[in-house]
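To keep things clear, I will list the structure first and then write my remarks on it.
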Amino acid sequence: MNCFGSRPFTRLCGRGCFLTPSTKPSSHVRFRFRFPPSGRRNLSVHPVAGSIGAEIRDVDLALLPENPGWVRQLREAFLQHQVIFFRNQNLEPQAFLTFASHFGEPVEYPFVKGIEGFPEIIRVLKQEHETVNFGGIWHSDTSYQQTPPLGSVLLGKETPPYGGDTLFANQYAAYDSLSDGLKETLAGLRGVSTSAKADASKTREDRIRDSGNPTAPAESFEAVHPVVRTHPETGKKALYVNVAHTARFEGWTEGESAPLLSFLFHHQVKPEFTCRFSWEVGSIAFWDNRCVQHNPINDYHGFRRSMLRITLAGDTPR
Ligand SMILES: O=C(O)CCC(=O)C(=O)O
């Protein structure tokens, strides 16, 4: 990279590096290269829908370690837009893990073992002959754990020629748009999440068969969380039930819970709360599991789709 210029004032080169005139006398002004103070170059953040999601453009994530200021900007974009997207980031597993580690602590996924050498990276795969896709239902990741993830990062490795998009839904907006009366009712409720609901557990079966995590317990996971959680970083309230894992309200039977849960399950994924991401090889989605649900669309039968996923440790929902 040549960062020398010929004009006698500080300016930015094409890559965001600062160029300043050398103090040495010279027949022509020489520029010294120095890195911009961290994060000086503003990353380019483009919302993709009215409610949720933004694409970060013109950034090479492999350069993140040299640009610590980008991490702060990305974190801000993540908290504001709830899911952030990148294109053309052909990261190898170690670089992918390094990227994700800037935003949290990578942890193992309970049911599927990691790829060779990387226990915290799982392959989210649907093969040509398979009919069910991993996680193919609206859900919040592993809400059946006592401390569900902060978020997950997904990297596209092989994508079908069409289809296989992922939908994301804003759970702050879902909560905010409820009536005051229902908000008051929900404030006193806790939801029981289980890993055993059939519509969700069947989406894991193919992967458990070929890459099951030997440390997974034989019995199902169960956890009780507030139906409305307060995001630990933004302080905003988000609806925190999901059709994949929430079985009932604590102290209520499944039958008693069903009508209100059914209303919430439909309400929380209304199109106006969502965005849709179309994958390419090298695309990344990083979602905030504390205020977002997602749903990968299973519309590419006969084609292979392969992603790498890293899960980041979260806290106890409050
Ligand atoms: O394949 C996708 O787009 C998302 C998969 C999924 O639901 C998950 O990793 O939780």
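Backbone N, Cα and C atoms are what each Cβ position is placed from, and that goes for glycine too.
Cross-referencing 139-165, 193-219 with TrEMBL places the feature region 'Disordered' at 193-219.
Looking just at the domain 'TauD/TfdA-like' (45-311), the mean pLDDT is 95.
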